[in-house]
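Take a look at what Swiss-Prot says about it:
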- Cys50: active site, nucleophile (ACT_SITE)
- Thr49, Cys50, Asn51, Arg52, Ser108, Glu113, Thr114, Glu115, Gln119: substrate binding site (BINDING)
- Gly188, Ala189, Gly190, Glu191, Met192, Ser193: NADP(+) binding site (BINDING)
- His98: site 'Important for activity' (SITE)
Amino acid sequence: MRMVCLGLNHRTAPVEIRERFAVPSHKLREEGQRIRSLPGVDQCVVLSTCNRMEIYYWSNAPENAQEHILSHFLGDGRGELDMASYFYSHQGEDALGHLCRVLSGLDSMVLGETEIFGQVKTAYQTALDAGVTAACANKTFQKAFTIGKKVRTESQIHAGATSVGSVAVELAEQIFGDLSGTRVLILGAGEMSRVTGRALHARGAEGIYVANRSFDRAVELAGMIGGQAIRYDVWGNYLRDIDVVVAATAAPHCIITRETLLPLRASRKYRSLFLIDISVPRNISPDVADIDEVYLYDIDTLTQLADEAKRSRKQEVSRCEAIIRDSISRYFPDSALYDQ
């Protein structure tokens, strides 16, 4: 029985194609059962994230099964026949290696990201619960999880923040340590505010306030990140009690200056204040960094730190590939589970 991976991802298909084939999480079980019922498919696992949709299946007639799976997707109102060109197929050891690279974050849009490991685990557990796996799929995925974990523990592929939002969070943790109880003020309700706000909330920040000229947008963002919307004309009243400020408005001038902060120092008891300026033009005057307890990072500095982390991760790829090759030889001493 041969293991096959049939799918598309961020490298082979743009988002407007990927979204047509995406399988919502609440439909993964049903989709797995439908694919398992196709001719030639003996076992299967369906993985669907924002950046990929993949079918891992086992078959004694893999080419025949692949035709039926493609027909299922393309003939299900999701695409035309020429969309088959967006799909890739890996068989045998190549399919196993691909699964291990996916689990390790080597095949992710953000190299080394960790979320995919949990997403694959969820996909496998759903398939297991749906009764569409058997010995080959179960043993292969369990061993692949071990390999994926080994790559992460024996390499630095996941080290360092690679997005502006995650860099900002890491810097905040360097200043405050545990972010539990940290109070945050977000100025602006765009994409950068959302990403950074979510990252801070995920690390334990509490009392997140969102101010935007459009109060409706502030309410919307606050709802996404567990925060509270406040009117834009009163955000200055909150600075005395805030630990972190994320500035990302469209204002054409600085809205936080030395004159804004100096009168507040005593009432703040000279507590540390972390300012994240991710707006262009800048929202925070650079000279506020001269205030002893103020830490200011702008978009250029954050981007530079993220780029350095990306370069560092790329240098780890060959090491990770070697770990995967060696681990496949160790954990799969024969090819019975994926290529027989």
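Backbone N, Cα and C atoms are what each Cβ position is placed from, and that goes for glycine too.
These numbers come from a predicted model, not from an experiment.
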Out of Thr49, Asn51, Thr114, Gln119, Ser193, which of these binding-site residues shows the lowest number of other CB atoms within 10 Å of its CB?
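Relative to the other binding-site residues in Thr49, Asn51, Thr114, Gln119, Ser193, Thr114 has the fewest Cβ atoms within 10 Å.
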Just checking, which of Gly188, Gly190 (binding-site residues) has the fewest C-beta atoms within 10 Å of its C-beta?
Gly190
Can you tell which of the recorded positions Thr49, Cys50, His98, Gln119 lies nearest to Ser193 (NADP(+) binding site) in space, using Cα positions?
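Nearest listed residue in space: Cys50.
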In sequence order, which residues at least six apart in the same chain have a CB under 8 Å from the CB of His98 (site 'Important for activity')?
Cys5, His90, Asp107
To the nearest whole angstrom, what is the C-alpha distance linking Gly188 (NADP(+) binding site) and Ser108 (substrate binding site)?
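Distance (Cα to Cα, whole Å): 29 Å.
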Among the binding-site residues Ala189, Met192, whose Cβ has the fewest other Cβ atoms within 10 Å?
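Sparsest of the binding-site residues Ala189, Met192 by Cβ contacts within 10 Å: Met192.
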Closest to Met192 (NADP(+) binding site): which of the recorded positions Cys50, Ser108, Thr114, Gln119, going by Cα position?
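Going through Cys50, Ser108, Thr114, Gln119 one by one, the Cα closest to that of Met192 (NADP(+) binding site) is Cys50.
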Beyond Thr49, Cys50, Asn51, Arg52, Ser108, Glu113, Thr114, Glu115, Gln119, what residues of that chain have CB atoms within 8 A of the centre of the substrate site's CB atoms?
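So the additional residues around the site are Gly105, Met109, Val110, Ile116.
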Name them in sequence order: residues not among Gly188, Ala189, Gly190, Glu191, Met192, Ser193 whose Cβ is within 8 Å of the mean position of the Cβ atoms defining the NADP(+) site.
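Leaving out the recorded residues gives Ile186, Arg194, Leu221, Ala248.
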